[in-house]
Each structure stands twice: as structure tokens, then as C-alpha cells.
Amino acid sequence: MLEKSLLLVTLLFALCSANLFGNNSYVYYYQSAFRPPNGWHLHGGAYEVVNVSTESSNAGTTECTAGAIYWSKNFSAASVAMTAPQNGMLWSTAQFCTAHCNFTDFVVFVTHCYKSASGSCPLTGLIPQYHIRISAMKNSSLFYNLTVAVTKYPRFKSLQCVNNMTSVYLNGDLVFTSNETKDVSAAGVHFKAGGPITYKVMREVKALAYFVNGTAQDVILCDGSPTGLLACQYNTGNFSDGFYPFTNSSLVKEKFIVYRESSVNTTLELTNFTFSNVSNANPNTGGVHTIQLYQTSTAQSGHYNFNFSFLSSFTYKESDYMYGSYHPSCKFRLETINNGLWFNSLSVSLGYGPIQGGCKQSVFQNRATCCYAYSYNGPPLCKGVYRGELTKSFECGLLVFVTKTDGSRIQTRNEPFTLTQHNYNNITLDRCVEYNIYGRVGQGFITNVTNYAINYNYLADGGMAILDTSGAIDIFVVQGEYGLNYYKVNPCEDVNQQFVVSGGKLVGILTSRNETGSQPLENQFYIKIINGTRRSRRSITGNVTNCPYV
């Protein structure tokens with residue numbers, strides 16, 4: 001027998017439930033009505049612990065509230081077990097009040113409530129002293145009630161929720177089941193003291209169970225381990241010495257890329273806007289709205305360079321009350337606009353108007369966010385922009401209007417932006433993966449063959465890979481820190497793999513793949529299995545109330 005003595009239990013009327021988990025990772029349930037002939041049988045009902053958490057207390061007052069569901073944790077699990085410390089918890093508002101299992105459509109809970117005050121026991125009403133209530137509720141209505149004396153359950157030790165037939169166990173005993181199978185959507189224990197409560201969330205796996213006279217005496221889990229793969233494929237746990245071919249369909253969960261270059265530089269496009277003097281521009285005729293706009297340039301997303309080289313022949317005019325530039329919302333000059341500034345929107349226009357008030361009034365009347373004034377010693381042909389000065393003549397100047405909002409869609413630059421992407425070759429070994437090797441994609445089982453790579457002639461992909469007859473990659477090379485490393489791409493499924501059984505135990509695997517840690521054996525490789533997953537026998541009693549982990 002490959003895996004001796006996982007459990008030995010006799011079930012009289014219920015599913016068996018593991019109550020105290022210890023450090024183990026599995027529990028096995030099956031119905032007492034499941035009485036197959038003697039021998040090995042593939043059967044559901046094994047649950048693997050995938051998450052463990054604890055909770056000290058969740059009652060904020062001096063006591064918890066009995067006869068009600070006050071605390072719940074959300075799950076999406078095949079099974080959830082909630083266990084108290086080994087001594088259990090008292091049926092008292094000073095310690096334990098309510099535990100429940102939520103199967104989405106209905107809730108099963110256990111509680112106590114010996115109180116007659118108004119508002120007490122909202123779900124159950126008064127429960128007799130020294131009794132507990134096991135109930136099921138759907139759409140706020142109770143459809144199942146069972147009152148039990150505490151002599152049967154002196155303390156609360158565990159409540160377990162199982163999707164199979166929506167089974168619920170109190171202290172290891174089946175106390176509720178239905179003809180539906182639903183995952184656990186929520187569960188919880190409302191308590192004040194006596195904890196902590198341990199929550200163990202589980203997923204369902206198949207199991208191969210060995211029955212004698214209707215009793216499961218041994219269990220091998222179909223969990224992807226070597227023992228599980230062999231036993232569940234051959235539907236038995238008894239193997240004589242020899243070689244046993246097997247198949248294992250690989251589920252691809254990982255991807256990796258092998259790059260030709262350790263880094264790649266990408267130069268992003270830089271859009272240039274070049275402005276020039278408008279020699280035949282007409283002066284305004286009074287007011288800022290008569291200032292004509294020229295060479296309007298609006299930036300979209302990306303990188304931009306604004307070329308104002310023609311301004312070298314103009315004289316910048318500082319802001320002086322009504323005179324000159326006006327750009328308090330722009331903390332830059334046009335000479336520095338390309339210094340890596342960020343904008344959400346940006347538009348630039350040229351205009352010719354009075355240096356006296358032209359900029360300030362343009363900003364006040366929302367023609368621009370900022371305005372920069374430049375003198376070219378122009379004639380006094382521009383009209384005023386203030387009421388009472390609309391017919392007066394003033395010196396004409398160049399006005400540069402900037403309309404902008406701050407953000408990160410647009411960046412100004414003096415030079416094109418170069419983005420450097422650093423590539424790291426993290427190669428996943430000894431499992432089936434999706435790969436992209438030098439641009440060639442596929443699925444494979446990657447092994448390191450550096451120690452065996454001698455005098456390979458690399459032809460494809462710049463001398464970096466050998467291709468097989470189909471054009472797929474067979475062997476590829478990667479530059480490592482200490483030299484070249486060679487890797488072989490094998491099919492995910494090895495049709496030649498065999499388990500090796502010796503002395504009735506699974507001791508190794510023969511494979512055609514050179515996996516990490518394998519030993520060459522003629523034209524194959526041998527992988528030694530050092531420790532099989534061995535479990536010791538569980539105790540036997542005439543009336544099983546719980547099946548603790550060993």
C-alpha cells in the first residue's frame with residue numbers, strides 16, 4: 001500500500017468531520033450511506049486548507065449578544081472550519097454567543113439565549129435554560145429549529161461549514177444538511193472571551209479511499225503530488241515493485257520572456273512648434289478683442305518643443321502695473337518654456353497690440369492664461385484697451401499669448417525623450433510555462449543544460465538558439481553574470497515518464513527530461529523522491545463525534 005494508514009473511522013449516521021486541525025492540511029468527509037465494496041474507491045470529500053486566520057474577540061461591550069447573528073466574515077470557499085481552543089467555550093454571553101454558516105440562500109446558526117427582556121433573542125426568542133438552539137433561516141424566516149440540551153455539547157468547540165449537501169457540523173457532529181450543494185459565502189463566530197477562534201478556509205480535492213466493511217481505512221489525496229498522481233490514475237494504492245507510466249496534464253500558470261538585449265532605448269517623438277515674426281500684422285483698432293491672433297499652435301498629448309528664436313531681436317518688457325507683460329499664473333519665461341514643464345493643455349499664439357495694458361487686459365478678459373510683451377520699437381499705431389483710451393494711440397508691441405492648464409499629458413523638452421527599458425531574464429525552470437524566447441513563442445518545460453552543452457553550433461536568432469525540424473526552439477543560450485547559460489525547451493508532457501515503486505513505496509520518477517536535481521541513467525534521467533507524503537493512522541471509536549487531524 002503506497003501511503004499507509006491515513007485514517008480509520010467508522011461512521012454511524014453522519015459525515016465525518018475533522019475538529020482539531022493541529023498542523024495538518026487536509027480533512028476527509030464522506031456520508032455514512034456511502035458503503036462501497038471492500039477496496040479502493042475514488043470519491044470526493046477531501047478538503048485542503050488554503051488559508052488560516054485567528055480572531056481574539058469581536059464583542060465590543062461587556063458581553064456578546066446571544067440569539068442573534070452579529071459578526072460575519074465573507075468567503076468563497078468549499079469549506080470553512082471555525083474552531084475554539086481545545087477546552088472549548090462556555091455557552092454564556094461572557095464567552096460564546098453565536099456561530100453561523102452562510103450558504104448565500106440560507107444561513108445555519110447555533111446560539112443560546114435565556115433572556116426574557118424586551119429586544120432580547122431577536123432571531124430565536126427565549127431558549128430554555130441549559131439548552132442551545134440550532135436553526136436555519138431563509139429570507140429572514142426560520143425553517144429549521146433543533147433545541148439540544150447542553151449535556152450533549154457542554155462547550156462550543158467547533159462549527160464547520162461544508163459545501164457538500166450544505167452540511168454543518170457542531171463539535172464534529174452533523175447537525176444540518178440539505179439536498180443542495182453550495183459554497184460557503186460567509187461564516188463567523190460572535191464571542192466575547194475564551195478565544196481565539198481559528199478560521200480555516202479549504203478547497204475541495206478528490207480522494208482515493210480504501211474501504212473495509214464500509215469503513216474508510218486509508219486515504220490518498222488526488223492533490224498533484226507524485227503519490228496522488230500515481231494512485232488516482234491507477235485507481236489503487238497497492239502497487240508491486242516496478243515501473244508505472246503516467247500522464248500529467250500541465251496547467252500553464254506562468255509566462256516569461258527571454259530578451260536579446262539587456263536594455264532597449266526608445267526615443268519618443270518630439271513635436272516642434274517654430275514661431276516667426278509676422279511682418280504685415282495689422283494693429284488693433286481698440287480693445288483687446290480686436291487684437292488678431294497669428295500662428296496659433298495647440299499641443300496634444302506628448303512631448304513638445306517651442307522655438308522662439310526670433311525673439312532675440314525683441315526686448316522683453318517686465319510687468320509694470322498696466323504696462324508690459326502679465327503672467328502671474330505662469331512661473332516661467334518663454335526662454336525657459338522647454339525646460340521639462342508639464343501641462344494638461346497648452347496653446348500659444350502671437351498678436352500685435354499696445355504694450356500699454358494689452359497683456360493685462362487680455363488675461364483679465366480670458367483671452368489667455370498668461371501674456372508676454374516684447375518691444376520692437378514699433379510705431380504708436382495701436383489703440384488703447386481701456387475704456388476712455390480706445391481711440392488713443394500707443395506703441396505697438398509683440399504679445400505672446402499662452403493658454404494652459406496644469407497636468408501631466410504634455411511635457412516640454414529641449415531634446416527628444418529617450419525611454420530606457422531594462423530587461424531581466426528571469427527564466428522559470430522545471431515546470432510548464434508559456435515562453436517568448438527571442439520573439440519566438442510557445443509552451444514548454446525549460447531545463448538548464450549548461451553542464452552538458454558542448455560545441456553547440458548556434459545559427460538562428462543571431463547565434464542564440466538551435467531550432468528543431470519544426471522551427472521551434474530546441475536549445476537557447478542566455479548571457480549570465482558568469483558566462484553563457486544553456487537551456488533546453490522540452491514538451492510540457494513527457495510521454496516517457498514513469499513512476500518507480502520499490503518495496504511497495506514510491507521512490508522516484510524516470511523521465512526523458514533533464515530536470516534540476518535529476519541524475520542521468522542511460523538515456524533517461526532519474527528523480528529521487530526522498531519523502532513521500534506519509535500520514536499515520538487515526539484512532540477508531542464506536543461512535544465517531546470528530547475526526548481530528550493527526
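Sequential numbering from 1, following the chain as shown.
Using N, Cα and C of the backbone, Cβ positions are placed for all residues, glycine too.
Just one residue in ASN51, ASN145 has N-linked glycosylation site written against it in Swiss-Prot, and it is ASN145. For ASN448 (N-linked glycosylation site) paired with ASN139 (N-linked glycosylation site), the C-alpha to C-alpha distance reads 60 Å. The average pLDDT for the topological domain 'Extracellular' (19-550) in the predicted structure is 81. Comparing Cα positions, ASN307 (N-linked glycosylation site) lies closest to ASN139 out of the glycosylation sites ASN139, ASN179, ASN213, ASN238.
The distance from the Cα of ASN265 (N-linked glycosylation site) to the Cα of ASN272 (N-linked glycosylation site) comes to 21 Å.
Cβ neighbour count within 10 Å across all protein chains ranks ASN448 highest among the glycosylation sites ASN238, ASN448.
The Cβ neighbour count for ASN307 (N-linked glycosylation site), using a 10 Å radius and every protein chain shown, is 12.
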